[in-house]
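Copied over from TrEMBL:
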type	residues	note
DOMAIN	51-469	domain 'Major facilitator superfamily (MFS) profile'
TRANSMEM	49-69	transmembrane segment
TRANSMEM	89-109	transmembrane segment
TRANSMEM	116-137	transmembrane segment
TRANSMEM	143-165	transmembrane segment
TRANSMEM	177-199	transmembrane segment
TRANSMEM	219-241	transmembrane segment
TRANSMEM	276-294	transmembrane segment
TRANSMEM	314-335	transmembrane segment
TRANSMEM	347-365	transmembrane segment
TRANSMEM	371-391	transmembrane segment
TRANSMEM	412-431	transmembrane segment
TRANSMEM	443-462	transmembrane segment
Amino acid sequence: MMNDKLLEIEMVERTLQPENQSFEPTSIETVSPIAEQTPSPKENSTYQWYVVVVCMIAYILSFVDRQVLSLMIEPIKADLMLSDTQFSLLQGLAFSLFYAIMGLPIAALADRRSRIKIIATGIAFWSFATAACGLSKNFIQMFLARLGVGAGEAALSPAFYSIVADLFPKEKLGRALGVYAIGAFIGSGLAFLIGGYVIGLLKDISFVALPVIGEVKTWQLTFMIVGLPGVLLALLMVLTVREPARKGMKVGQDGQVVKASFKNSIGFIKTHKKTFFCHFIGFSFYTMMLYSLLGWAPAYYMRNFGLDASQTGYILGSIILVANTSGALFCGWLIDFFSKRGYSDAAIRAGAIGCAALIVPSVLFTQVDNMYLSFALISVAMFFSTFPIPASAAATQMLTPNQLRAQVSAKFLLISNIIALGIGTTTVALITDKYFQNTLMVGNSISIVNAVAGVIGIFLLYKGCKYYRESMKVEKLDKIF
């Protein structure tokens, strides 16, 4: 009876492999016990949104933990004796390296095992790693702690993207992903606000004495304060969120559910290589603009307008909380708007629009002498910089079959984090250190990176709309829209 039901779902919802395509499963297994035994929350709208909100809170904490570093650039550089380039490695490469590497095996587990337990474990791991950043005494120790933050956070998004596609129909997927995406920007805003508050509160205190640990600097204490609450959230998730039943599974010829392998995910990407090339690389360069803003805007305002860390944290934190969160929600609404009107490329289309709108304000905000005009321009830039998170996720989930979603998402996040966070933030620092050789020129470095990344992003996303529509036809998913 279970097999008959799965066959019926497969016939109604999707056909994974057209006869002329090369994607073939290498192993066929029955549905995991988790998927069989767990009741579907399809009819429970309140519960569905509860899951999204809990995961959004996790996303908030993940961005607080990764982003608070950029606000404390000056005291960390002074205490650990770092250059801008070394700091950019802590901010970008150290995090993105293990985020990318660990994302692949974790995603493979998420396509086979309990996604909820995987997320909860990741939350606890990155929370302890963030607190460990506060114990760092030198560059190497901080680098290793940031690797741990990246490894833990790699568990969250691929698993959540797989879960949300099982909870919501396609016409509501954009809004669900938009709500999740605002967690990134609430987290970034809170990182600046909390960091600014703590720095301002303790600005006249050189050291704080802690039991067992001993004396720590205020920036070290900040890492400990923002890191440890995640452990409580991990416990809440395990106790209150259940694993949803998987939908849209590919069924083999013998009626058993195919459990796809790493090889299958590569095969699926190759089948749609033009689509995924434009998606992966286009959204990666779009996201590079986002990370250059989040990573280097604090340094720009502190160095060029004389703001201290506390003032910068309050102002940028407020901008991010308003502009970025509203931008992410608007992008989710825009995706659903296009979907309801029959555009099968809805997510890529929304991304292309956002990228085109971002280029001008993200380049100009560092080129004006008036601080208030600069803040107005960066507010507009922050609004449109949010689009790649919900748009890239929605595009992947709409095209990819259930048992490949986490793995394909992880491959995108691998490429995106290497390009956007690893290369992007470091390129800003290298231009400042090596070309201008003047830390006050960081604003020009931001503008150069954003101009180049924006042109590449809009070109690839524009081309990607056509390829994405073709892929949806191949997978026989275009009729859903």
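Yeah, the Cβs are placed from backbone N, Cα and C, and that goes for glycine too.
Given the structure is predicted, the values throughout are model-derived calculations rather than measurements.
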(message) Counting Cβ pairs closer than 8 Å, which of 89-109, 116-137, 314-335, 371-391 has the most of them with the transmembrane segment (347-365)?
(response) 371-391
(request) Counting only CB pairs under 8 A, let me know which of 276-294, 314-335, 412-431, 443-462 has the most with the transmembrane segment (89-109). (result) 412-431
(request) Could you please provide the mean pLDDT value for the domain 'Major facilitator superfamily (MFS) profile' (51-469)? (result) 88
